[in-house]
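Take a look at the structure set out below.
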Amino acid sequence: MEVISTLSIWFIPIIIGIVLVYGTWKRVPTYETFVEGGKEGFHIAISIIPYLVGMLVSIGVFRASGALDALIDMLRPLLSLVGVPAEIVPQALIRPLSGNGALGMMSDILKNEGPDSFIGMLSSTLQGATDTTLYIVTVYFGAIGIKNVGDSLKVGFLADFVGIVAAIVIVTLMYG
């Protein structure tokens, strides 16, 4: 275990060192290249702000309108048949849109139900097993000008669905 801890501490500095040595060996101006990449990153960060604002407003409207609560109420009977707590649905639905929104929902679940409860474990596992698919597609693809995102979106949603099902199955098997 001590070897793994030591490796994890030194892994990133070693990778950075390898990149610097390789860049120097190939006669690449590493510092200047780093600064240029930082400039490009800053411009990309500025260009994604409108997409980010649009996504956050959409999430707020969805929650404030009561549509999320209505959807949960419709799904509650089906979820109870398979033993899934309905309280997890908002996090599962918001996670593809917003990592911070889903994290806030997870924090509420952990605060109200406890981290060692079934729903607390499920919420934590769900947070790690899924990703912010719509956020990634909207913000990053929009920032670089990719318009045709159909296949990426399908694969992303499929991965999220598999992550949700896997989280439910694994937590149920281990803690249910």
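If you go along the chain as it appears here, the first residue is 1 and each next one adds 1.
Yeah, the Cβs are placed from backbone N, Cα and C, and that goes for glycine too.
Annotation source TrEMBL lists transmembrane segment at 7-25, 45-66, 78-98, 118-143, 155-175. According to TrEMBL, the feature domain 'Nucleoside transporter/FeoB GTPase Gate' maps to 46-147.
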Going along the chain, which residues at least six beyond the ends of the transmembrane segment (118-143) come within the CB cut-off of under 8 Å?
-> 44, 47-48, 51-52, 54-55, 85, 87-88, 91-92, 95-99, 102-103, 105-106, 109-110, 149, 152-153, 156-157, 159-160, 163-164, 166-168, 170-171, 174-176
Count the residues of the domain 'Nucleoside transporter/FeoB GTPase Gate' (46-147) that DSSP assigns to helix (H, G, I), to strand (E, B) and to coil, and report the three numbers in that order.
-> 81 helix, 0 strand, 21 coil
Average the pLDDT scores across the domain 'Nucleoside transporter/FeoB GTPase Gate' (46-147) and report the rounded value.
-> 88
